[in-house]
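First the structure, in the form of structure tokens, and then the observations on it.
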Amino acid sequence: MSTQKTILRALAGEVLATPPIWMMRQAGRYLPEYKATRAQAGDFLSLCYNPELAAEVTLQPIRRYGFDASILFADILLLPQALGANLWFVTGEGPRLSTVTTADELKALKPVSAIHDTLSPIYETVKILTRELPDDVTLIGFAGAPWTVATYMIAGQGTPDQGPAHALKDTDKAVFEGLLDLITDGTIEYLSAQIDAGAEVVKLFDSWAGSLMGDNFINYAIKPMARIVAALKQRHPDTPIIAFPRGADERYIGLHDAIGADCIALDDGVTAHWAAANVQTDGCVQGNLKSSHMVTGGDALVTETRAIVDALKGGPHIFNLGHGITPDANPENVQLMIDTVREIR
Ligand code: CP3
């Protein structure tokens, strides 16, 4: 019997009697203790770049719930900022960035070698966490996948349909592909530095992968992630990688191999039953309870949680939500989900 941490065992392909559990956005505004620390830090970015306070909010959900993994507290938009984009958050609206849509704007960005000047506090947060996390809790580092990060850099904000990024891909392919390449190279260095600092697993968030169709999905979502995974595996062969190509639908089939990832994270657009037959056959899967159950709770939460655990019990599985928990969630429902997975009630 292995003494390894549960998440690492699942990522290595082991089928566990009880799936390990963590939750996307587990440090966040649904928790009163998060809101208190964020108020102390000032704004969201000040919290991200304050290693002591970022480590503190990372630890809060571990203390409250005893999750099997913690995820570094940071944001996917810190890399664009490190590459020279201006970044700020408008309360109640979300992120804003200076845009990159022309060859001159692309050229004005910083070289990849400069990113650590901005991102070194993030590595410091990782170092604090490797000291302070309980011995059985796995530390997950992360970055955005190139396509998703590019959608924000091109539009200068979040968009419902990623229209500006699709438009640039179709009108100035050279600038679009140059930007994707720069983000891909930057992400390799950023994640590699997180691993050097102590991250035990890394995850790529491709929140908008599903909006790419046909060959574009392969060329602009999957291939850049595969390039990052290949580079990281060369430098850090023992570090497992989770990929989250959100919205992939039936295109989830075959992605373990196409990306080279140890685990594919599922959103709630596919059923666990379907994923067991079509995706988990290739390796570990993570997911995929609808986040809205964290708001509504009750019998539906329990029934759906049990159904997911049951459907995926024949292969390696890490329990998680299908997307991040929302600020209107009830913290008690998180406990109910965990207790249901662990069969405590
Ligand atoms: O999962 C975690 O707890 C780790 C930390 C994390 C955050 N963002 C913290 C955060 C991670 C992994 C992310 C990823 C992220 N950030 C994504 C990809 C995943 C996804 O949800 O699809 C994206 C698209 C972003 C960009 C971003 N950052 C957006 C769209 C927002 C929302 C703005 C808002 O006001 O709701 C953020 C802010 C953000 N990132 C918050 C947190 C906890 C809320 C900030 C606050 O405290 O006000």
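Yeah, the Cβs are placed from backbone N, Cα and C, and that goes for glycine too.
All annotation found in TrEMBL is predicted automatically rather than curated by experts.
Remember, it's a predicted structure, so these values are computed and weren't measured experimentally.
According to TrEMBL, the substrate binding site annotation covers R25, Q26, A27, G28, R29, D75, Y152, S207, H323. The Cβ of A27 (substrate binding site) has Y34, V57, T58, Q60, P61, I71, F73 as same-chain neighbours under 8 Å, each 6 or more residues away in sequence. Annotation note: A27 (substrate binding site) sits in a coil segment as assigned by DSSP.
Sequence annotations record features per position, and here TrEMBL assigns domain 'Uroporphyrinogen decarboxylase (URO-D)' to 20-29 (among others).
Under the heading domain 'Uroporphyrinogen decarboxylase (URO-D)', TrEMBL lists 140-156 (among others). Listed by sequence, the residues of this chain that lie at least six past the ends of the domain 'Uroporphyrinogen decarboxylase (URO-D)' (140-156) yet keep a Cβ under 8 A from its Cβ atoms are 7, 22, 69-72, 74, 76-77, 79-80, 85, 95-101, 126, 162-165, 168, 176, 179-180, 183-184, 187, 190-191, 194-195, 199-209, 212, 220-221, 224-225, 228, 242-245.
What TrEMBL records for D75 is site 'Transition state stabilizer'. Following the DSSP three-state reduction, the secondary structure of D75 (site 'Transition state stabilizer') is coil.
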Alpha-carbon spacing, Y152 (substrate binding site) to D75 (site 'Transition state stabilizer'), which is rounded to whole Å: 12
Conformational class of Y152 (substrate binding site) under the three-state DSSP mapping: helix
Inter-residue C-alpha distance, R29 (substrate binding site) and D75 (site 'Transition state stabilizer') (nearest angstrom): 14
Binding-site residues listed as R25, R29, H323, least Cβ neighbours within 10 Å: R29
